[in-house]
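Database features, via Swiss-Prot:
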BINDING   Arg31, Glu36, Gln54, Asp55, Asn56, Arg67, Lys80, His127, Asp151, Lys176  substrate binding site
ACT_SITE  His70  active site, proton acceptor
ACT_SITE  Tyr140  active site, proton donor
Amino acid sequence: MGGTELDEMYFQSLSIAEVKLIRPRKFGDCRGYFSEVFREKWFRKNVADVGLVQDNESLSAQIGTVRGLHFQLEPFAQGKLVRCTRGALFDVAVDVRVGSPTYGKWVSAELSQENGAQLWVPAGFAHGFMTLKADTVISYKVTAPYSAEHDRGLKWDDPAIGINWPKMTTYVLSEKDSSQPSLCELPVSFQYVKV
């Protein structure tokens with residue numbers, strides 16, 4: 001889990017090496033701060049050599065809102081570069097690549113406006129998050145546009161995966177996210193390819 005510092009950004013692989021945590025540096029003074037949050041050349045060299053084609057943003061008004069776990073099938077499989085621009089969230093990636101040594105395993109990171117951290121979730125992983133503060137805004141760049149036909153999901157609280165979600169009094173989910181299949185019910189969506 002060693003990290004590398006290059007220019008104004010620091011990144012580290014998490015316990016699933018393909019998932020990366022990126023921490024852009026902040027330069028502050030009496031006016032506030034400046035932070036470079038994305039540079040394509042740096043990203044392609046150090047994180048993933050992919051193009052990011054769309055930028056999305058969502059607001060979750062209530063604490064304990066769960067969105068996910070989501071992924072898309074080929075040819076619209078999405079890698080996601082996720083950041084929190086207001087509030088805070090518990091962000092999760094689950095490996096859904098059949099044959100992977102980390103299939104069904106998960107990693108997480110807390111992303112917040114304060115820490116400025118970003119999570120790279122490659123294609124072949126389901127992604128989801130839970131808000132830790134009210135009025136949390138998440139922004140994420142993706143490698144492929146949304147396709148309803150290729151949109152899939154995974155049960156957020158599947159005991160076979162065992163995500164250690166933060167404890168909340170109430171969880172807020174959409175009907176769609178409440179009825180996603182468990183890992184054992186999931187058809188083969190991605191095959192692991194060792195490189």
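Any Cβ shown, glycine's included, is placed from N, Cα and C.
Feature map: annotations from Swiss-Prot on the structure.
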residue : record                       : DSSP (3 states)
Arg31   : substrate binding site       : coil
Gln54   : substrate binding site       : strand
His70   : active site, proton acceptor : strand
Lys80   : substrate binding site       : strand
Tyr140  : active site, proton donor    : strand
Asp151  : substrate binding site       : strand
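Around His70 (active site, proton acceptor), the same-chain residues six or more apart in sequence whose CB sits under 8 Å from its CB are Ala126, His127, Gly128, Asp151, Arg152, Gly153, Leu154, listed in sequence order. There are 13 other Cβ atoms within 10 Å of the Cβ belonging to Asn56 (substrate binding site). Residues near Gln54 (substrate binding site) in space but far in sequence (CB under 8 A, at least 6 apart, same chain), listed by position: Lys141, Val142, Ala144, Pro145, Tyr146. The distance from the Cα of Arg31 (substrate binding site) to the Cα of Tyr140 (active site, proton donor) comes to 27 Å. If you take the Cα of Tyr140 (active site, proton donor) and the Cα of Lys80 (substrate binding site), they are about 6 angstrom apart, rounded to a whole number. The binding-site residues Arg31, Lys80 differ in how many other CB atoms lie within 10 Å of their CB, and the one with the most is Lys80.
When the record's substrate-binding residues Arg31, Glu36, Gln54, Asp55, Asn56, Arg67, Lys80, His127, Asp151, Lys176 are compared pairwise by CA position, the greatest distance found is 44 Å. Neighbour count (other Cβ atoms within 10 Å of the Cβ, all protein chains): 23 for the residue listed as 'active site, proton donor'. In the shown protein chains, 14 other C-beta atoms lie within 10 A of the C-beta of Asp151 (substrate binding site).
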